[in-house]
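Reviewing the structure listed below.
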Amino acid sequence: MKFVMYPHLWESTTAVIEGGGHERVEDIKDADFIFFNGSAPEFPDLPENIKFVQASMAGIDALVKRGVVNEKARWANAAGLYADTVAESTIGLILAQMHMHATTRLAKSWSVRPEVENNKSWLHDNKTVAILGAGGIGVRLLEMLKPFNVKTIAVNNSGRPVEGADETFAMDKAEHVWAEADVFVLILPLTDATYQIVNAETLGKMKPSAVVVNVGRGPLINTDDLVDALNNGTIAGAALDVTDPEPLPDSHPLWEMDNVVITPHTANTNERIRALTGELTLRNIELFEAGEQMATEVDVVAGY
């Protein structure tokens, strides 16, 4: 098949796809599919010759919001491809927050040691971790959590049991989880139903010792409500790889909070994305040409 890579030329990824017998072309009108690796505003108008879109990102909610996702072409994302990297980063965020790394960093002084000793918490100490959005990343995270002997709760749309989770609940039957878990990990796709799912109401149901970790999408959290909850002690802390707004402005109060750990959307990196998406694209091409559902095909109605 002929493909166009847009808007950025990733030579290593291109080499993998071409190594599978496919040809990169410059003009989208000559292509059978597009490998898209940009931001939503950069997405081009699709001519009728484009049969499918391979996106390099795990979720295409930004493209859905922009209104460019439709049934004129088939769509595939990179869901689950970054399970190892994002799950490992999530473990790092959880531990950094519970071990109060931000408190020490902001204090810039050894004198903070008594405060850390008195308030530091331990993941292995009878904790319950709720994973909201237990897809490929969530399943890998469950595996990585096993050595900590935590109780795990998976929350998904269907309520179908998630491998490795102690309990699984459908989203509409998980109201009790807000009061039960010690750590909440958000890996949900961004939809109308999940937009600002963490807000003043749900934060108010959490334990004062609860920690919120977001490696999914920034708008899963109402940021103003989170700031209020962190300031008034409604919850203990947050660890954020994604934020709303993003990038988070340098002057934003979250940067100065000693109960918040922030990483700049680096739970997965471009280097890893480029290394992995070529092989995924080859697999999806093979399935597409066989008339089968692609490995990471998106339901364009649901948006994920």
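Glycine too: its Cβ is placed from the backbone N, Cα and C atoms.
Since the structure is predicted, the reported quantities are computational estimates derived from the model, not experimental observations.
Record features, source Swiss-Prot:
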type	residues	note
ACT_SITE	R217	active site
ACT_SITE	E246	active site
ACT_SITE	H265	active site, proton donor
BINDING	G136, I137, V215, G216, R217, D241, H265, T266, A267, N268	NAD(+) binding site
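Swiss-Prot feature annotations superimposed on the structure.
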| residue | record | DSSP (3 states) |
| --- | --- | --- |
| G136 | NAD(+) binding site | helix |
| V215 | NAD(+) binding site | coil |
| E246 | active site | coil |
| H265 | active site, proton donor | coil |
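Across the fold, the C-alpha of E246 (active site) and the C-alpha of V215 (NAD(+) binding site) stand 13 Å from each other. Look at the Cβ of each of the active-site residues R217, H265 and count the other Cβ atoms within 10 Å; the largest number goes with R217.
R217 (active site) and the residue listed as 'active site, proton donor' have their C-alpha atoms 10 Å apart, to the nearest angstrom.
Taking the C-alpha positions, the distance from V215 (NAD(+) binding site) to H265 (active site, proton donor) comes to 8 Å. If you compare every pair of Cα atoms in G136, I137, V215, G216, R217, D241, H265, T266, A267, N268, the residues listed for NAD(+), the longest distance is 19 angstrom.
Counting every protein chain shown, the Cβ of A267 (NAD(+) binding site) has 22 other Cβ atoms within 10 Å. Shown are the recorded positions G136, V215, E246; of these, the residue with the fewest other Cβ atoms within 10 Å is E246.
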